[in-house]
Amino acid sequence: MRLRFTKMHGLGNDFVMIDAISQRVTITPERARQLADRHFGVGCDQVLVVETPDSPDADFKYRIFNHDGSEVENCGNGARCFAVFVRQRGLTAKSVITVETAVGRMVLHVQEDDQVTVDMGAPILSPADIPLAAPQQATSYTLPTQGAGDITIGAVSMGNPHAVYCVNDCKTAPVETLGPEIEAHPHFPKKVNAGFMQVVSPSEINLRVYERGAGETLACGTGACAAVVAGRLQGLLENTVKVNLPGGSLSITWEGVDSPVMMTGPATTVFHGQVKI
């Protein structure tokens with residue numbers, strides 16, 4: 001069969017969008033890996049799938065497959081693209097869209113200029129729920145590494161786990177070497193996304209993220225949220241922060257513990273196509 005898809009990106013974090021409602025298709029890890037392959041497939045960081053929700057209270061189910069075929073819990077940049085995509089496909093005309101994910105619900109607010117604000121929910125800070133091997137919850141943790149010795153990180157889950165490491169300069173941060181080590185660190189039993197954060201001012205940070213299962217990407221929405229939460233908990237940042245990523249900037253707002261993290265940024269359609277599967 002020929003599978004219809006749309007290629008989109010959020011600040012360079014690129015996606016193959018699949019409508020599995022109006023076309024009968026099942027996306028398996030193997031099929032996702034084939035689609036994501038930049039040499040033999042369409043090519044993307046993640047494959048995002050729109051499905052019929054299990055609950056009548058949600059508009060859609062949102063599934064995310066990494067470049068390596070692994071299915072993951074959440075993707076913030078993808079959520080913005082998801083909201084624009086379902087409207088483009090005529091699956092909904094709503095400007096406020098509720099989606100099911102593997103770890104709960106997300107609410108997506110589409111604005112007239114295709115900027116999308118995503119209610120990412122409250123961050124998860126308990127080590128057992130991140131998950132992180134630590135005796136008790138703290139604003140920062142010590143992580144022993146081969147490449148940099150003992151480093152201090154913040155640890156947050158935005159539905160997927162993040163370690164946030166403060167650096168003096170993002171441009172020279174050891175993302176390519178330390179990123180894979182943090183990602184696979186035994187203190188994180190489900191692996192972890194590794195964020196390298198440079199605080200420019202209390203209202204602005206620079207950020208690079210080595211994503212679990214994908215490597216470094218041009219942007220990571222959940223990583224931006226996690227970095228702001230970690231920075232706020234350590235007293236470094238204000239409630240609303242401009243997050244500069246290699247692919248562009250996001251606005252992240254977090255009022256504090258138990259409040260949802262709100263992420264605002266663009267979603268861009270690149271092209272529509274078909275691929276034989």
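Residue numbering: from 1, along the chain as shown.
Just so it is clear, glycine is given a Cβ too, placed from its N, Cα and C backbone atoms.
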### Task
Given that Swiss-Prot annotates Asn13, Gln46, Asn66, Gly76, Asn77, Asn160, Glu211, Arg212, Gly221, Thr222 as binding substrate, state which candidate in Asn193, Asn244 belongs to that site as well.
Asn193
### Summary
Here the Cα-Cα span from Arg212 (substrate binding site) to Cys75 (active site, proton donor), rounded to a whole number of angstrom, reaches 11
### Summary
Those same-chain residues, other than Asn13, Gln46, Asn66, Gly76, Asn77, Asn160, Asn193, Glu211, Arg212, Gly221, Thr222, found with Cβ within 8 Å of the centroid of the substrate-site Cβ atoms are Asp45, Ile64, Val72, Asn74, Cys75, Gly78, Val209, Ala214, Thr217, Cys220, Gly223
### Summary
Once DSSP output is merged into helix, strand and coil, Asn13 (substrate binding site) belongs to strand
### Task
Taking only the Cα atoms, work out how far Thr222 (substrate binding site) lies from Phe271 (site 'Important for dimerization'), in Å, as a whole number.
25
#### Entry: Cα-nearest neighbour of Asn13 (substrate binding site) within the listed recorded positions, Cys75, Cys220, Phe271
Cys220
### Query
Looking at the recorded positions Asn66, Asn193, Cys220, Phe271, whose Cα is closest in space to that of Cys75 (active site, proton donor)?
Cys220
